[in-house]
Amino acid sequence: MQQVEGRNCLPAEVRIGLETLKRRRLERMRLTAQNNAGDGPPVPARSGGDALRTPANCGVRLHANNGTALPSRTTQNKDPFAKRRVDKFDMSSLEWIDKIEECPVYYPTKEEFEDPIGYIQKIAPVASKYGICKIVSPVSASVPAGVVLMKEQPGFKFMTRVQPLRLAKWAEDDTVTFFMSERKYTFRDYEKMANKVFAKKYSSASCLPAKYVEEEFWREIAFGKMDFVEYACDVDGSAFSSSPHDQLGKSNWNLKNFSRLSNSVLRLLQTPIPGVTDPMLYIGMLFSMFAWHVEDHYLYSINYHHCGAFKTWYGIPGDAAPGFEKVASQFVYNKDILVGEGEDAAFDVLLGKTTMFPPNVLLDHNVPVYKAVQKPGEFVITFPRSYHAGFSHGFNCGEAVNFAISDWFPLGSVASRRYALLNRTPLLAHEELLCRSAVLLSHKLLNSDPKSLNKSEHPHSQRCLKSCFVQLMRFQRNTRGLLAKMGSQIHYKPKTYPNLSCSMCRRDCYITHVLCGCNFDPVCLHHEQELRSCPCKSNQVVYVREDIQELEALSRKFEKDICLDKEISGFDSYKQAEKNEPFFEITRNLRNTEVNLIEDAFSGATAADAAKSSPATSTLTSFAQHDVPVLAEAIVCANQADQLYSTTEQTISSPLVKGTDAVGANSSSMADANNGTGSCNASAVEYSGNSDSESEIFRVKRRSGVSVKPASDAKTSNLSDQQVLRRLKKVRPEIQQHNKRPEDYGHCSVPSGRMSMKNLNSSSSCGEEHWRMKRRQLETQQDESSYSAKQKSYSYPSTSYSFRGEFVEMSRDAAAEVRPKRLKIRLPSSSTNRVVEQGSSGQRFTRDDKSLGCWPAI
């Protein structure tokens, strides 16, 4: 919510502005001294009487219409306060003011007023279509804001920002910057200064009609004589009284406690953020403005008007935000100040919160604009991704804070992506916030009555949270699986480990981060291409939270609770936003890819052709490409996987998974194998066709049993395909290559080794593939007699994890149905007794003999 930077490393325009202020101050002091020394009565300066006799009222000097000529300027730089004609903004007529519709106004009862967030959720389906709304409080504050700031908070002072009162061309040589003044005010001093400016401008101390002041503001900013105003924005503090007798102060609408309410998402943040979780004060004067901006991370905001003159707001609905950014990039900003192209470039400049232009520019390009005139005792709510701007009608004091409820997560994900693309440091750890909210919701679902839960957690908000969490876990599983196929090692990090930021895009790495030999800074999973092209693939270490299996189990539960088709494409108040943002296309593209692949596979089409025919319009769906080979393999072994999944579904979610399924290797890439960049070692891909969870086909699970094969039994794996074929013909001469039956694929697992899309298409490759499967079946049959003995003779090394015992029991239970293969390879002695276990899914887990899964120091 902060609008400008401090005075460290001031830009040239700011320095020029301060020099201009200093020259004007010295000139006025010289004129005052001359007038006081003359024979006649002193002539007061136009900046206002006694204000010049005390340096305390420098604000009056800033806003005065000084008719005295300044010394000629020697600098070639333009005066940052001088008004210029801006042809792109037609201000010759203000008739467009009457075309702006009013936003809705709500009058809650005292009973409804007791639950702020519940009431906001109630009005959101309608109010969010306007971007902003007003709520008139049924309870008034008994202690005025001035008393709170002067009596309850003695010594309260604040600095102001100087705002040039003009329009800008928004070109390289003409922009607007708000900068800090060199003055600290008390609340009373600022009020006196602001009232003097108002009285001098209109010869009145009373409020003027709202429409008249609105017209005056746009005339002044385009043609007027006022150079600049002062605005105290982003001032730490609150004007809500701590008195137990103040009805509003002790209510839930006290903004000091608003973000910490029971159903507020931001209460899960461990560190307070000024302006986001803690409120800030906004103390304004005549024509002080807040420029067009959207809240950080597309959060909700609530603003309470404590006292003073009215305040006019302009709001844009959240679903019209792309149109707003498009208009700004094409009709407000010149190309020379935009870094990049499109709406993201305009969004980057808008984050500076200094862009002010008349709303008629938006109306002319069919972007809806709504208006609110806020009075003392009224709240203004801005909804996620709603751009807004406004100005004050005179001295006033407001207070604002951000908040979020679960239906914010979809747009919060979009904001997180945009910050990463622009390399902006986020204020919130979005991934952590999403995971914590999902875990908390699961506890509520287990321990609360459904009726009482619906009152505290709106069903729509629940669906938004569940959908976003499932999307996050899908992406994590896909990318971790791909890295595991490349040979990356998996380690666990404790829950208490700090949440790191990605060194490339600044996202938070709450669940997973990657370290490699050539880059000792953490990298998040969103940089898959960079990780794949890294020369030290085998030296990459993927660090995963030790409670990853709890999150995976929760994701599977949420998948069963909701239908992603309906939720991702049907957010009630954000349908238009979905059409304009790639975030909402993630699941749609995954879903289309899945359907096309299944249909084409059963009709004989290749997986590559299906991938070409599926839509790929979003850069965010790059991880969907890794699902293509998984789907092809899943279709081949669907029957066996159905049987396996039904047998071991409950066991998979046991602590066993915590030890070996942490990477969720469901994103095996055949393209990598084809290019020689990775190997596909998955020997079992599970597909639950009967499950109501649509993402089961994306999951590659480790086989539920284990078998240690002696070296003598594994010799055949070193033979060439032709040798294997000849031996098979000797053993079973009735088998011929042309007698391959399609149903054979329903009773075998995909063989280990390198695979590619070409192998699925070539008839000769299919024949070799068939014989490899037959060979595996024969090996399995030969091992059946000795399987039980091998199971009993297998000894597990000591470990700090408790899942080994459950692992043995589960293996024995599943031995009748599954004959898995797990290789245990002991590296040379130079590896300091480290054992590498490679599972059937191709994942590599490194453990030390002394401490399995320990977290290495970084």
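One is the number of the first residue shown, and numbering goes on along the chain from there.
Every residue, even glycine, has its Cβ placed from backbone N, Cα and C.
The Fe cation binding site annotation in Swiss-Prot covers H293, E295, H388 and is backed by sequence analysis. Counting Cβ atoms from all protein chains shown, H388 (Fe cation binding site) has 24 others lying within 10 Å of its own Cβ.
The compositional bias 'Basic and acidic residues' annotation in Swiss-Prot covers 737-746.
The compositional bias 'Polar residues' annotation in Swiss-Prot covers 829-844.
The domain 'JmjN' annotation in Swiss-Prot covers 103-144 and is backed by sequence analysis. Using a Cβ-Cβ cut-off under 8 Å and counting only residues 6 or more beyond its ends in the same chain, the domain 'JmjN' (103-144) has close neighbours at 152, 240-241, 243, 245-249, 251-253, 258, 261, 263-264, 300, 306-307, 313, 315-320, 370-372, 374, 377-384, 386-388, 403, 405, 407, 455-456, 458, 460-461, 572-574.
The feature domain 'JmjC' is assigned by Swiss-Prot to 250-420, with sequence analysis given as support.
Here Swiss-Prot flags 737-791 (among others) as region 'Disordered'.
The region 'Disordered' annotation in Swiss-Prot covers 829-858 (among others).
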E295 (Fe cation binding site) - helix vs strand vs coil (DSSP): coil
Helix-strand-coil residue split for the domain 'JmjN' (103-144), DSSP-based: 16 helix, 7 strand, 19 coil
Around the Cβ of H293 (Fe cation binding site), the count of other Cβ atoms that are within 10 Å: 17
